[in-house]
Amino acid sequence: MTNPVLNPALPATAAAPVAATPSAVGSAGIVAPVFLRFDEPLPLASGQTLDGYELAIETYGTLNAQRTNAVLVCHALNASHHVAGVSADNPKDVGWWDNMVGPGKPVDTNRYFVIGVNNLGSCFGSTGPASINPATGRPWGAAFPVLTVEDWVRAQARVADHFGIERFAAVMGGSLGGMQALSWAITCPQRVANCVVVASTPRLSAQNIGFNEVARRAIITDPDFHGGDYYAHGTVPGRGLSVARMIGHITYLSDDDMAEKFGRTRREPAADGAYRYGYDVEFEVESYLRYQGEKFSRYFDANTYLLITRALDYFDPARATGGDLARALAPATADFLLVSFSTDWRFPPERSREMVRALLKNGSPVTYAEIDAPHGHDAFLLDDARYHAVVRGYYERIARELGLNGAVAPEGNPA
């Protein structure tokens, strides 16, 4: 077991968990991250080694004395460890899955101890390309190692070790987070009792890899990118990152959802309805995408975008078994819940059905729900009653099996 330490150089607000004091019914309360430092080298799939690193985490609920009620939530591309509750630093910063995690919510923190981990390579507190490379004293930039989903799982396992958690009650995630949950079930089968995979896939299609490549090229060809070392130049490849986000955002929405939100509505049309016959914003959808792109470029790191999209491309557990997904999933001993959404064309329901068929072939216990929802891939983030009922029911079954009926008895500060 590795022995992480809390970073003593960080502000006091980040040196220890802030108790989640609910500010409203169903809220996980005001939360702040903990920064764990790991000095044990982490071997990576690329053959490189990361000698030391920090991971930003948040926790919700209380770890029981038996350490059996822990749930790991894995995040998608542009999310972070801030899964639920309200940030202590910004009252407007609500966790990205706050409708899913909290007291009385589908993942009920009166019963479960939930951990959110910001992945290596991200830009929200964990070690990544913008961090200082101890060998040079400068930001890593493009020299930061390329990572895989499996690398993230190995790093997350050390967080579990830190808390003394031998086996998670569940590991769950949506989209890229679902890939991490699946990887946990394959690579650490003895440590996962339940695997919850939402709006995900066992591998990216050529189309998805193509979208990622176009987004990366937008960033890399931005004159302000400087080969990934833009930190030293005091620039940000904001134009490229904005375009990358615009491309990605289109893939997260369904055609029907975009038609309902925007249709062909014009932005400030002329009184006579004539076109402007120019290349500035003409339609509402253009304005929306530009806004999303520009907002994203102000808070996300371009090198992180490159790194995470490449990790998405590389994920393919069946690659090691000649394309046989059932064989790739054979080590898994967990029970599974898979959820897909009817209008998700980024990771369509057929990809979830493929995983279900492979699991059934192996005799794995699996529950599958395909939710009829109009919102495309982003439906996994929304408060859909049918979707949440499925997840709630699954976690209630886990709670019954573990004897978690109501709030757990505190053991003390687990960190």
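Each residue, glycine too, has its Cβ placed from N, Cα and C.
Keep in mind that this is a model prediction, so the values were computed, not measured.
The active site, nucleophile feature in Swiss-Prot is assigned to SER175; the stated evidence is sequence analysis. SER175 (active site, nucleophile) has a Cβ environment of 26 other Cβ atoms inside 10 Å.
Secondary structure from DSSP puts ASP344 (active site) in coil. All protein chains included, ASP344 (active site) registers 28 other Cβ atoms within 10 Å of its own Cβ. Annotated active site per Swiss-Prot: ASP344 (among others), in sequence order, evidence recorded as sequence analysis.
Here Swiss-Prot flags HIS377 (among others) as active site. Shown in sequence order, SER175, ALA199, THR251, TYR252, LEU253, PHE341, ASP344, TRP345, ARG346, PHE347 are the residues of the chain, 6+ apart in sequence, with a C-beta less than 8 angstroms from the C-beta of HIS377 (active site).
Summarising the annotation, Swiss-Prot assigns substrate binding site to ARG245, ASP378. All protein chains shown were included, and the count of other CB atoms within 10 Å of the CB of ASP378 (substrate binding site) stands at 21.
For 69-383, the entry in Swiss-Prot reads domain 'AB hydrolase-1', with the evidence type sequence analysis.
Swiss-Prot lists ARG346 with the feature site 'Important for acyl-CoA specificity', giving sequence analysis as the kind of evidence.
Computed over the domain 'AB hydrolase-1' (69-383), the whole-number mean pLDDT of the model equals 97.
Counting only residues at least six positions away in the same chain, the Cβ atoms of ALA215, GLN292, GLY293, PHE296, SER297, PHE300 sit under 8 Å from the Cβ of ARG245 (substrate binding site). ARG346 (site 'Important for acyl-CoA specificity'): 23 other CB atoms within 10 A of its CB, across all protein chains.
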